[in-house]
Amino acid sequence: MNASDDHYIIKKTDNLIEACYYIKKNGHDPLWRDHSSLNTSLPFLLTQLFVVLFVDRILLLILKYLRQPPIVAHILCGVLLGPTMLSRTSFSRKYIFPHKTILVLETFGNLALTYYMFLVGLEMEFTLIMHAGSQVVSIAAAGIIFPLLFGFGLYFMAVTKSDHFDSRGSMFWAIALTATNFPDLTKILADLKLLRTNIGKIAMCSAVISDIFTWFLLIMAISIFNGQKYNAVLSTGIFILISIFALRPTVAWLIDRTSRGEIISDTHVWFIMVGILLCGLVTDACGSHSIVGAFMFGAILPHDDTVRTKILERLQDVVTGLLMPLFFLICGLRSDLRYMFENTPWEMVLIVVVMSWVAKVASVFFVSLHYKMSTMDGLVLGLLMNTKGVLALIVLNTGRNIKVLSSFSSPIVFGLVRGRGECSIESNEKVSR
């Protein structure tokens, strides 16, 4: 279908919207400028940033009293501002989220994601893997294998009969179900005072293993479906090995030789921020994603308290508080839950959400019982391992970028990720009491 408005010539198909925009001058001169500010991207970006931060902060204040983690507010903010509600209106499409500004918005959202994944790598404790026993490995394996199989089955059950079916999308559904978001899990454990308990330690160790395997599957899927076969996997693997065995000792040596005792200067922070972009550029050139390089750079940095504290002081608030809401906004703009419910029986949506939620909880629960854990501890561990967050959204957005997930199939899993995150935190709080 072809359409047009004051600024666009739009061509719509089932899975794609092509918008060609042009500048239309009406003869009205602004007071101080020689052209209308609505013809440039910066005023729109500032407007979008203001709107998303304002709505996000309000939701954070409201959901804080309901004892929900921040990730719930971020995702809900994206949904409310997306085509599910606000951006469906003509005013929003013209003055807040016009098509011509989406590319700029996505660029800043991906930049925020790159720095965020660096912080995730910086905070992730890989030493936990070295002390992982058979119990941790078994729990992590169960939390990967069974959700992976369920993801394939649920995709073919829910999407096969639609006009948007693409068998390659099942891979991304399956990968999204295997993820356990380590940063959000540690925050939940800290809030529930379970961080130093046996359940907390098992959950963190299993989450690290689960996330690493999820990254591996995602890199494999990107390389195969981009037509690069195993070239991206091989080149990214070489980069990871170089980072671990060459770049890591080099960076540690440079920081040790140039720092004044235990003081990390602003120059160190500046070089680290540049290193994030450089590593992201390398992995992007390898055929995977820039966030892989940023994550690895954070993982190889010295994890002593001085370096970590200095970097977190400079980047944490800016990345998580200012930039990351743009990424969640992009997720919301790509997910039309109203369209999903209009074209999908509610029974099917309910089945997909419940079954995908049960897959990881039940698999971890039964393996925990095998290792003589109590019923209550096994249930708590299953709920903790079912924590979802940014990593699952990265998988779904990657599927949309490759065009193996459509506007029909992606929102089902998007709503599924939100529902499981809320259920896990609520259930664990009840147990802790």
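Residue positions begin at 1 at the first shown residue.
Every residue gets a Cβ built from N, Cα and C, even glycine.
Sequence-distant contacts of the transmembrane segment (41-59), counting only residues of its own chain at least 6 positions beyond either end whose CB sits under 8 Å from a CB of the stretch, comprise 73-74, 76-77, 80-81, 95-98, 100-101, 104-105, 108, 322, 325-326, 328-329. For 41-59 (among others), the entry in TrEMBL reads transmembrane segment.
According to TrEMBL, the feature domain 'Cation/H+ exchanger transmembrane' maps to 61-416.
Summarising the annotation, TrEMBL assigns transmembrane segment to 71-91 (among others).
Sequence-distant neighbours of the transmembrane segment (103-124) (same chain, 6+ residues past either end, Cβ-Cβ under 8 Å): 41, 44-45, 48, 97, 182-183, 186, 208, 211, 276-277, 280, 290-292, 294-299, 301, 303, 308, 311-312, 315-316, 319-320, 323-324, 326-327, 329-330, 333, 390, 394. As annotated by TrEMBL, transmembrane segment applies to 103-124 (among others).
Taken from TrEMBL, the feature transmembrane segment covers 136-158 (among others).
Sequence-distant contacts of the transmembrane segment (170-190), counting only residues of its own chain at least 6 positions beyond either end whose CB sits under 8 Å from a CB of the stretch, comprise 69-71, 120, 123-124, 143-144, 147-152, 154-156, 200, 203-204, 206-208, 210-211, 213-214, 217-218, 221, 225, 356, 359-360, 384-392, 395-396, 398-399, 404-405, 409, 413, 417, 421, 424-425, 428. Sequence annotations record features per position, and here TrEMBL assigns transmembrane segment to 170-190 (among others).
Here TrEMBL flags 202-226 (among others) as transmembrane segment.
Feature annotation from TrEMBL assigns transmembrane segment to 232-255 (among others). Remote same-chain residues near the transmembrane segment (232-255) are listed as 219-220, 222-223, 226, 264, 268, 275, 279, 282-283, 286-288, 292-293, 296-297, 299-302, 307 (criterion: CB distance under 8 Å, separation of at least six residues from the stretch ends).
Tertiary proximity for the transmembrane segment (267-298) is limited to same-chain residues at least six positions away from its ends with a CB under 8 Å from its CB atoms, namely 110, 113-115, 117-124, 215, 218-219, 222-223, 226, 228, 231-232, 235-236, 239-240, 243, 251, 255, 258-259, 310-311, 314-315, 394, 398. The transmembrane segment annotation in TrEMBL covers 267-298 (among others).
Here TrEMBL flags 318-337 (among others) as transmembrane segment.
For 349-367 (among others), the entry in TrEMBL reads transmembrane segment.
If you look up TrEMBL, you'll see 379-396 (among others) marked as transmembrane segment.
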Notebook entry, point to check: the transmembrane segment (318-337): which same-chain residues, six or more beyond its ends, come within Cβ distance under 8 Å?
Noted result: 48-49, 52-53, 56, 74-75, 77-84, 87, 97, 102, 105-106, 108-113, 115-116, 119, 390, 393, 396-397, 400, 407, 410-411, 414-415
